[in-house]
Structures are given as structure tokens and as C-alpha cells.
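Per TrEMBL, these features apply:
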| type | residues | note |
| --- | --- | --- |
| DOMAIN | 3-115 | domain 'Plastocyanin-like' |
| DOMAIN | 128-276 | domain 'Plastocyanin-like' |
| DOMAIN | 375-509 | domain 'Plastocyanin-like' |
Amino acid sequence: IRVKNVSRLCHAKPIATVNGRFPGPTVYAREGDRVLVDVTNYAQYNISIHWHGLKQFRNGWADGPAYITQCPIKTGHSYTYDFNVTGQRGTLWWHAHILWLRATVYGAIVIMPKEGRMFPFPQPHGETKIILGEWWNSDVETLVNQANKLGLPPPTSDSHTINGKPGPLFPCSSKHTFSMEVEAGKTYLLRIINAALNDELFFAIAGHNMTVVEIDAVYTKPFTTRVILIAPGQTTNVLIKADQPRSRYFMAARPFMDAPVPVDNKTVTAILHYKGIPNTVLPSMPKLPAPNNTNVALRYNNRLRSLNSPQFPAKVPLKVDRHLFYTVGLGANPCSSCQNGTQLTASLNNITFVMPKVGLLQAHYFHIKGVFKTDFPDRPPVPFNYTGVPLTANLGTSLGTRLSKVAFNSTIELVLQDTNLLTVESHPFHLHGFNFFVVGSGVGNFDPSKDPAKFNLVDPPERNTVGVPTGGWTAIRFRADNPGVWFMHCHLELHTMWGLKMAFVVENGKSPEESIIPPPKDLPPC
């Protein structure tokens, strides 16, 4: 990790990079491989790297979220992430998991199927990574620190990027435009990653359909669409066929936001370029949905289904050992030095998570007292009309480093309920250490007497990151078969910073094969 000067939108600034590259290098592996990544930190920031979506079975030491599974790598120090890729194949990604450094420290993970195994869809002629990101002209850490002093959100980004490039609609950016060359009649696989910090994005390609074949490194029942929706943290693999008149076509992305919350609503573009067509041909623009088009968003997510084939079954837990109900809310706590006398905050079950000073996994493994409590409540302290009129009083939250203890191999159903504290908003939640099945979702308040009857327990989408709809709820199920301390948080960096996070402590099973492995010798000290 080194800081170097990078120029975008007519501005140069120092950013943290990996091997001098922005975005960083792709990690290629094959299902079943052991992967070793040596990380040496030459930046002035503490750093840690998360391998987003890799299950890290019994091996939380390699998961990467700072102060959850490890203390960060200090300046001048190194740490080797050592992990196995077991039972997973497809597109995932890696990113910094401390401060807002993932603004520039991120890259793709491409896991190929085992030797001799084919994709369960037509073999593409070629493939390309499309990593969607955000760019600020100013130093992001400075903006965040200034905003926190005021108790307010930092300014929205100055542009979105595709593979680190904003595209020709932005100043000084014609040379910072990603272009993908295709041959007429051939099929291509796009591995699309949303590495943006705070924006769910619509993505489309002018004139071309996309066939969705995988989400979050899990094969889906293929379906064809003009537009995809992808939340921060999610990945989506699509097939495209170069079946249009030979020309140049814009790929474009811009945010989906159906709540009164400011976003960077500008459009990032890249170019799909048919071979042999001169660069002077002006590309055509795709039709993207309006930024507040809830119907397109809900309709798209409702089409997602696990492939659920004999080779790739959807092992949905049918019997639930523990039912959890978590409210997702924004709030405000008193702050004498802040601009309005309050600090904006966020909470689950009215608890704003406080980060510890030592890694929670170390505290758990070595029985260090006083670092965390395991009394995170299974439901909110007071039931209320969660999605009624906006609530502007009683916005205070309680603070704590509180975890939820889960028995090994037990099955969990978690309903995440959005609330109208200050405002309803869509929240993409990421669970470390597991995939989960999205068995249901809806608009309004979850009704435990009626809604479970409509759950899809046959072929629900299997993911590691799921959007909780604006003013609605999402129900997920997973089997807690991975011992350790596993972070769950909103993948909007702003809300994570405000405390929209918690962690599960999954207890060891009976045998050593069902227990956390010992920590590596070079685990960074706290």
C-alpha cells in the first residue's frame, strides 16, 4: 500500500494505492486454492483488507475488518492474509476495511471453477471486469473528519467511475474513459462490482440486453434485462451478445435513491466498442431509469433466483432455531461541539455500535474481558409503527459494543426492518463469514402472522449483501456453521461510520474441525 498522486477531473491528489494501481490488481484463484496475499503498508494510515464474500471458514483472522477480526497493519508493517477458497467460484472483490480508504483501495477477486468444470451457462468468448466506484476531488479522509466535527454527512462524491475512470461526460476525462472492444456476434461475460461507498447504482448498455447469470458469486436462474441494480458490496455477472449494428455504445451507471437523501446523481460512462469502428463515431446513450424509480428496483430484485440445480442446490434452512428482528434506523445524539448541537448517527435495534480498541476475534479467542458484551437484543426495545410518518423526536440511541451469541450450526432467520427515524432509506447489509438466503422482502412493516407464508424457501437468491428496501423489510436465513466473530453492517460507508453495524459471535462446535483455528504468528499487534 503506497500513497501516490493520481489525477482525475482536472485535479491531482495523493491517494492510497495497491502496487501503484488504482483500482488495485485482480486476485485470480481457482475453487479449492489456498491464497496468500502479503500486504505491506507504506501509507501514513493504518490499513486492513477485507476479502468481501469469501467465507473464511474457521479462519476469521484472514477476514480483514479492522478491530473486528484483527488490529490494522500499522505504517511500515506487514501481514499475510492466508486463506482457502472452499466451495466458492465466481466474482467477489477485496477492499480496505478501515476509515473510508476503500474509496481507492479496492479490486476484483475472480474465482474460476475447478479444472474441467464448466460454467452452467454458455461459455463466453471473452470477459471483462466492470468495477463501479466513486471519486472525490478533495482528500476523502479530510472531508470525513471535517463532517464528523460538524455532526453532518460529508459532501457527495464528484463523480462515479468505471474501472477508476469517470468517462467523457466529465471535464478532463476523455483520456480517463474505459473502453471494451467486442467482435460482432460474440458473447462476453461482464463481472460487475459495486465498489462505490454510498450509492446503489443502475447500470445499462445502450442497445444491448444483459443476461444475469450470477450474483455475489452464486449462480442464478438466467434472466434477460435492459438494466441491473447493484448495491455497494454486491457483484453481478451478466452475459452480453454483440448483436447490434457495429458501432460504439455507452455503458452507463447512475444512482438509485428513492428517499430524500442527497446522492451524486451524475452519470458515469464507459464505451462498448465494436472492432474496426473508428473512435470518431459518437456512442449512443442507454436509457437509465429515473433515480427514484422504486418499481424498477423492486421488480429487478424480485426476478433474482438461485439456480438450485442438482450440482448447485439452494440449501435453504427450512427449520429455524432462532428468529431475530432488527430495526434499521438513523438518529441524532447530543454533541455540544457539532453545528446543530447534535451528531447524526445510525443504529440497529436502537444500538449505535462502538468500535473496540482491540480486535473482537482476539478478545473472544483469548477470553479478554471487558472488550464486548454478548447481550445484543433479538428485537427492538420498543415496538412502534416503523414505517409510518417520519419520526423527529426521541432520536437518541444507546451506545455499546454489543454482540449476539449464536450456537454453532444453528439456523437463523433475521428480519431487517427499515424505519422512518428522520427518513426511510434503502440500506444494503453485508454479513461477513456467510452467504444467506433472501427468503422474503416487502414494503411497509413486517407482519409475522402473514408475511412468512409468502417466503420463497425453494430457490431464493443466495447473497452476501442484500438491500433492505426503502420503508420496507427483508428476511434472510443462514446456518451458523462458521465459528468466529462475524461483522454485519450497512455497506453505505456513511452509515457504517455512524454505527449501523454489529457482530455475531458464533460459538465453536464440539470437535477441532468445528472450531476457530489458532491465529497466525504475524497477526498485527493492537
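Just so you know, glycine gets a Cβ as well, placed from its N, Cα and C.
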If you average pLDDT over the domain 'Plastocyanin-like' (375-509), what do you get?
96
Across the domain 'Plastocyanin-like' (3-115), what are the DSSP residue counts per state (helix, strand, coil)?
6 helix, 55 strand, 52 coil
Reported in the order helix, strand, coil, what are the DSSP residue counts of the domain 'Plastocyanin-like' (375-509)?
9 helix, 59 strand, 67 coil
